[in-house]
Ligand code: SRM
Ligand SMILES: Cc1cc2nc3c(=O)[nH]c(=O)nc-3n(C[C@H](O)[C@H](O)[C@H](O)COP(=O)(O)OP(=O)(O)OC[C@H]3O[C@@H](n4cnc5c(N)ncnc54)[C@H](O)[C@@H]3O)c2cc1C
Ligand code: SF4
Ligand code: FES
């Protein structure tokens, strides 16, 4: 069983092409579809040029509002942690690991993303 | 397979089974996790409901837009992460104490310890016919689904029981648009909380909301109705017909498991527990509404949480360093708003449990307010209180009561109208033991300790103590204590806009204007706080965006500004609860040609939008998908429309009445003036939204005196009113200048608005700004009319600059392909978001 899972993981957790740098909006977010091992998911991509980590991928689904809107939130930093504020009810989610700052029981999924030349690649 | 995993035997660990995943059961899990209990116990939780623990206290919000997910108190991931097996939709059917096993329909599970957290069920009186279809209860999400379904083809509803939950259920039925009645067995509503005078007042108030109230009615039977589905027959053979009946006649503990395994029970039910929440079998504990402590059941969540803490300590007893918490009873004081009516009850509210108690009563039949104090026989202590119609004194009375603070010499002053100068109890008067947050058991001493340990602001203290993160009822009290304690420690209470700028909004405005700073990044670089990490946040970014727009009026969607905007400004439309947007074109003064009306209808038909006339005399088109916005606006702009800024902190509408052109009383052309005003100030970005009204005579059909700027025609010109507000706290506008001619009117408004833009706080309407303005209206008149600061010309020219640089933001955006890229739901797929689902209602669509 262990081997099977491991194989499945490596198979689905591959780097996928998502979009190009041109599709991104600096200092803001866009949304995209991505295939994950749990099925298709809507992902929000935030682009913060000039920062140590420039790209983040986080769930686009806002679990509190029940709507797909996270990419349309304002990004910022609180006490040094990079966050996005849900545009509907303003909870803050840490970009790095999806943790909701207001609700310890809530965490959005996150995925590794990077640039490969002009392409935006995601591992899911 | 799951079973195997969760029950994998770890010889070092004991098996703890929690029966019931309600509010208290879940709080217990959190408390156990906090105490590291997962390394000592293998924990399994059984929940009968399909849903993970949710916020039952706010259950009714399920009817006003919240869904199950947002009411949830936690997530399955949280349980998984801590290795706690959560078995929802699996009821425990028996506890076998001989074999130490818990039995469900799916299997048997060995236990070392059990916690019963099974809560209670709604009591349905044994009336013949109580099981007819459409006779329901009000306790779970599923109950509410059933009520909603049954209400669909019902016109009338009855709630049996006029207590706290009954009235909440009645409100829900009213919200479902049923004609609603409440039937109560006792002579008054809420017999537990109020006396006959309070009950009478409550009845009047609730009846005036259109809910019929029948007291002293014992239902004998329910049978087929004539006009409606059911007919209730009362003791005097009177009848009441209804399509839907909700029973809310009290709750009973769900103690059947305990009874069947012969634990000690109370006479009228409930599992007997001691201070450690142990039942008569020390392997079994009980918490929440199923537990009976000192002969009492506690039907509120705060005492349940206290029990959960005590039980967690008991389960971790020998591992604890400090003293284990014990349950020592709880206060049943409550502050409620039922059908919009305030009801408060503190301690011995009836005064029948305190020998020699003395009562003070105050009744205002006009304002419909009733307040009663119950004072100890020596007049020193408050032992109880009752409030109907106004809870504003609840917090301070609660402090007198809970902290046994000496009453003033004249206790009645506490409940007399405030014109008499009732002494407010400031935060400094509270002892350290004063309870601030009863949900999380936080006293004033805890708040002080948190400050002394380094927490320097409200957010840090909330994170540290969890105060004010439960029911939220203590938010105002917490803030006043925190502010007071910080100030008394010489900490200057910080008026900075946020952690990124050590400045107020006014200061930032001056910096931007004087130094000519044109972007957020430049402002951050030159004036950001030392501690700031440079990105900003959802407080300072929109505030600075608004300041930049007031000063320079560059399009808000320009690349340098777009990341600063709230989502509504980014997409120039208002986001609705399902992620779609509303579109509101400007209809200046409310005047619209038939041709333009036709276009609005055609656009709505083409893009399948819900249409509604707004409260601001224009037409709102709802349900637009992000990717359709540019096409919708393309058609609107072609037809001559421009953006209405319904999304911006900016000028909204200028409401007008028809005026002298048509109306036999009109003395000036109010529509013409409204259109000129709207066209002059449209696009002005400001600390908060701005609304105008223009009426053609003193009959005031445009309600100008409820607006930020109100203009009323006179025989000689225009009277100008300022700083009115509708909304949450209505305020009449004040007369500012009389008989102005057109030019003087524009000049005065130019100066007034620019002065407001310069000096107000973020999100401060003109009304609140005016109330905080030192010197008040007289000062404002000096600055604006007498030009005492010599600012007049500058304010006017600044306004002229904004007017001259006006450009319709939508027209600007749709001519720019770079900006339009933003209006895609997904960058790698052109299909619409499949999670946006509509149904139809009254012939139009609405979010499902
Ligand atoms: C559409 C409309 C209701 C309607 O169907 O009639 C409406 C809808 C909203 N109002 Fe309103 N208000 C609407 C007229 C009003 C009025 C009536 C009026 O303008 O004459 C008032 C009271 C008058 C006043 O403002 O003084 C009003 C007082 C509020 C308030 C409370 C403001 C206050 O100072 O207390 C808010 C909340 C806020 O702004 O913080 C609010 C906020 C909102 C928001 C923005 C809530 C939100 O954040 O989603 C709603 C967004 C609507 C949308 O998506 O388009 N709305 N709102 C009305 C739009 C008018 C228009 O044509 O632009
Ligand atoms: C509409 C409404 C409004 C309220 N408003 C307030 C308020 O304003 N303030 C306030 O303090 N309180 C309020 N309450 C009361 C508050 O919700 C309760 O005090 C609280 O929920 C009690 O928590 P509990 O865990 O003991 O019981 P519950 O929350 O009822 O949880 C018990 C759970 O155990 C499950 N269960 C029962 N038997 C079994 C079994 N054999 N096997 C498995 N699972 C089982 C049940 O299905 C249930 O999910 C309100 C209640 C309602 C219904
Ligand atoms: S009153 Fe205004 S803000 Fe409240 S729900 Fe209605 S439209 Fe929305
Ligand atoms: S009293 Fe409920 S959150 Fe503080």
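Sequential numbering from 1, following the chain as shown.
Positions of Cβ are set from backbone N, Cα and C atoms, glycine also.
The annotation [4Fe-4S] cluster binding site is assigned in TrEMBL to B:657, B:663, B:697, B:701. As annotated by TrEMBL, siroheme binding site applies to B:701. Residues or ranges marked as domain 'FAD/NAD(P)-binding' in TrEMBL: B:15-304. Summarising the annotation, TrEMBL assigns domain 'NADH-rubredoxin oxidoreductase C-terminal' to B:333-394. The annotation domain 'BFD-like [2Fe-2S]-binding' is assigned in TrEMBL to B:435-482. Residues or ranges marked as domain 'Nitrite/Sulfite reductase ferredoxin-like' by TrEMBL: B:576-637. Residues annotated as domain 'Nitrite/sulphite reductase 4Fe-4S' in TrEMBL: B:648-769.
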Please identify the stretch among B:333-394, B:435-482, B:576-637, B:648-769 with the greatest number of Cβ pairs below 8 Å relative to the domain 'FAD/NAD(P)-binding' (B:15-304).
B:333-394
Under the DSSP assignment, what numbers of helix, strand and coil residues are found in the domain 'BFD-like [2Fe-2S]-binding' (B:435-482)?
25 helix, 5 strand, 18 coil
Counting Cβ atoms within 10 Å across all protein chains shown, which of the binding-site residues B:663, B:697 comes out on top?
B:697
Among the binding-site residues (B:657, B:663, B:697, B:701), which are close to chain A, meaning C-beta separation under 8 angstroms?
none
Determine the minimum-neighbour residue: among B:657, B:701, listed as binding-site residues, which Cβ has the fewest other Cβ atoms within 10 angstroms?
B:701
Counting only residues outside B:657, B:663, B:697, B:701 in the same chain, those with C-beta within 8 angstroms of the [4Fe-4S] cluster site's C-beta centroid are B:658, B:659, B:665, B:666, B:670, B:695, B:696, B:699, B:700, B:702
Under DSSP, the domain 'Nitrite/Sulfite reductase ferredoxin-like' (B:576-637) has how many residues in helix, strand and coil?
29 helix, 14 strand, 19 coil
In the three-state scheme derived from DSSP, which category covers residue B:701 ([4Fe-4S] cluster binding site)?
coil
Reduced to three states, what secondary structure does DSSP give residue B:657 ([4Fe-4S] cluster binding site)?
coil
Let's see if you can do this one: DSSP helix, strand and coil counts over the domain 'Nitrite/sulphite reductase 4Fe-4S' (B:648-769), in that order.
40 helix, 35 strand, 47 coil
